[in-house]
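Next up is a structure, given as C-alpha cells.
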Ligand SMILES: [Zn+2]
C-alpha cells in the first residue's frame, strides 16, 4: 500500500514538473491533486542527522541523563515522526553498512555491503546502487558528510562509496576522491586521519597530496570549512561538533541550487556514558542547525539500528547521572548489571525513530521500512525516483 501511494506520488511529480518553481498542470490528475494538497512548498536543502545506534531506549536515557525530565530533547519536539524497520536483506539485525545503504539508496542489502546489493544471480558480483547524495551531486547540489567516526566507516561511506565489504578501507578512500557524479562530496569532516595516511601511503602518495589533487582544502582544523567551498577535515581527535556543522551549513548554503548534508553522530553505548553524552551532543546540534538552516530546509533524524540498552531504575528528584555513577562504582557492577541503565547486547532489531521537520516532513509517519526514507528525500525535492 505504501509502495502504491509512493508510486502515485512520484508519478504525480513527473506530471507536474520538478523543483520548487514547478507549477501544477492545468488539469491535474487525482493523484497530483492529492500530492499538491499535502505539499505546498519544497525544501531547497535536506539535512539528515543519523544517530548511529541511537534507538529509542538510548534517546530516552540520553535525554534523561542530560535534562532530568522526560522528552526534553529537541528531537522529541519534532512534529512528524514514524517508526522505521531497520532489518537488513539477509538478517533481522542490521549493521551500519546495510542500514545506511538502505536509507541512502532505497535498497535493503546484506550486512557488510556499502552502496551495493547482491546480484540477482548467485555467484555474480554485487551491483552498485546510486546514493541519494550522488543523485544530488549529479543535479548540481552541494553536499557534505560530517561524522564523529572515521570518514571511511560504513555509515559515511554509504553516502559516496560502493564496495562489497565495509572493511575495504583503501577502496573507500579511493572512491571518496574519484566521484561517480558531479564533483563528489564538497565538505568532508571526520576522524580517520591515521587511516587516510596509511591508505594513501599504500598507493605511493600522501593523504594531503591526494586531497589537494582532488581540489580539496585539506587539514585537521574544522575552521578550514569556513575558508573554502571544497574542504576535507580529517583528524583522530574529537572536535566541537556544532560549530563545525554550522560552518558546513553556511558554506554549502552558498549554492543557490541547494544542498544535501548528512551528519552521523555515533551513539553506540558499549561505553554507556560516552554514548549517552553523544545523544545530548547531537540533539543540541540539531536544535542549533534547525535555526541556522532556515525554513526551506527539511531536517530528518533517524538511527541506522537500535542497541541493547535498557533503563531499569532511577529515582525522580536526584540527578540520574549521579545515580548511575554511584551504582557503577559498587563492587562487581558491570555495564550489563548496572541497575539504573544496563547495556546487555550489541545491535538490536526493533524499529527506530524517524523524525522530521520542515517542507516534506509530513511524509514521515506510521511504520515503514528504512528504505522509505530514501523516497521521502527524493520526493521532497520533487525528483522522480531513478530506480
Ligand atoms: Zn550503526
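Positions of Cβ are set from backbone N, Cα and C atoms, glycine also.
Caution: TrEMBL annotation is automatic and unverified by curators.
The following feature annotations were taken from TrEMBL:
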SIGNAL    1-20  signal peptide
BINDING   52, 268, 304, 305, 347  Zn(2+) binding site
BINDING   52, 153, 155, 264  Mg(2+) binding site
ACT_SITE  96  active site, phosphoserine intermediate
Note the Cβ centroid of 52, 153, 155, 264, the recorded Mg(2+) site, then list each other residue of that chain whose Cβ lies within 8 Å of it, in sequence.
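Leaving out the recorded residues gives 50, 96, 100, 147, 149, 154, 156, 266, 304.
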Cβ-Cβ under 8 Å from residue 52 (Zn(2+) binding site), same chain, 6 or more residues apart: which ones?
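Looking at Cβ-Cβ distances below 8 Å from residue 52 (Zn(2+) binding site), excluding near sequence neighbours, one finds 96, 149, 155, 264, 265, 266, 267, 268, 303, 304.
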At a 10 Å cut-off from the C-beta of residue 264 (Mg(2+) binding site), count the other C-beta atoms across all protein chains.
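For residue 264 (Mg(2+) binding site), the count of other Cβ atoms within 10 Å is 27.
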Of the binding-site residues 153, 264, 268, 347, which ones put their CB under 6 Å from ligand 1?
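Cβ under 6 Å from ligand 1: none.
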If you count Cβ atoms within 10 Å of each one, which of the binding-site residues 268, 305, 347 comes out on top?
305
By Cβ count within 10 Å, point out the most packed of the binding-site residues listed: 153, 304.
304
Quick one: pull the CA-CA distance for residue 347 (Zn(2+) binding site) versus residue 153 (Mg(2+) binding site), whole Å only.
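Here the two Cα atoms are 16 Å apart.
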Reduced to three states, what secondary structure does DSSP give residue 304 (Zn(2+) binding site)?
coil
Starting from the Cβ of the residue listed as 'active site, phosphoserine intermediate', draw a 10 Å sphere and report how many other Cβ atoms land inside it.
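Around the residue listed as 'active site, phosphoserine intermediate', other Cβ atoms within 10 Å: 27.
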Using a 10 Å radius around its CB, how many other CB atoms surround residue 155 (Mg(2+) binding site)?
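Around the Cβ of residue 155 (Mg(2+) binding site), 27 other Cβ atoms lie within 10 Å.
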